[in-house]
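Per TrEMBL, these features apply:
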type	residues	note
BINDING	Gly39, Leu40, Thr41, Gly42, Ser43, Gly44, Lys45, Thr46, Gly85, Asn130, His131, Gln132, Asp133	GTP binding site
BINDING	Thr46, Thr63	Mg(2+) binding site
Amino acid sequence: MSDLQITEAFLYMDYLCFRALCCKGPPPAHPEYDLVCKGLTGSGKTSLLSKVCSESPKEVVSTTGFSIKAVPFQNAILNVKELRGADNIWKYWSRYYQGSQGVILVLENALHSALQHPQLCTLPFLILANHQDKAAARSVQEIKKYFEFEPLAYGKRWILQPCSLDNMDALKDSFSQLIKVLEEKVHDVRM
């Protein structure tokens, strides 16, 4: 065993001790990813995240400032920082971007700035076109054209999915697709 391997082993043991003492448990069985969730007030961010976590709709309270929610999936845990959508706090959003590994956008008109922000532009995006159960909802093709996604998102990893609170299977599938992209990104970094 080389000196580097021994050092790495001790550092890993220190990490495990830290997690056991400070975090009240062993390291997670599944990978964890830190994400940012953005969207305007009323776009449905809180409702969608609560539904994915199987929380009662009666418990949903509109986000004030920001909230952090651990969203468990079979193969990963998504630690989602949900940012309040009011336009008077947009200038503060970038403070929450650091350390993020992906972005969830609940479709809104601030999309262009998020796709081009220097701290987010290299991260994978899951764009949720919410309220698809409404009669006036735009199709995915209409949304791509309206927001000019093709040229804007060129070279970026992004997934645009229609969703609604009435279709949990499609919503969970959207998150599973994001997890797959995050796993690929981690795999690419390690190689």
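For all residues, glycine too, the Cβ spot is worked out from N, Cα and C.
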Would you please pick out, from the binding-site residues Thr41, Ser43, Thr46, the one with the fewest other Cβ atoms within 10 Å of its Cβ?
Thr41
Around the Cβ of Lys45 (GTP binding site), how many other Cβ atoms lie within 10 Å? Please give the count over every shown protein chain.
27
Looking only at C-alpha atoms, tell me how far Thr46 (Mg(2+) binding site) is from His131 (GTP binding site), rounded to the nearest Å.
13
In this structure, which of the binding-site residues Gly39, His131, Asp133 has the fewest other Cβ atoms within 10 Å of its Cβ?
Asp133
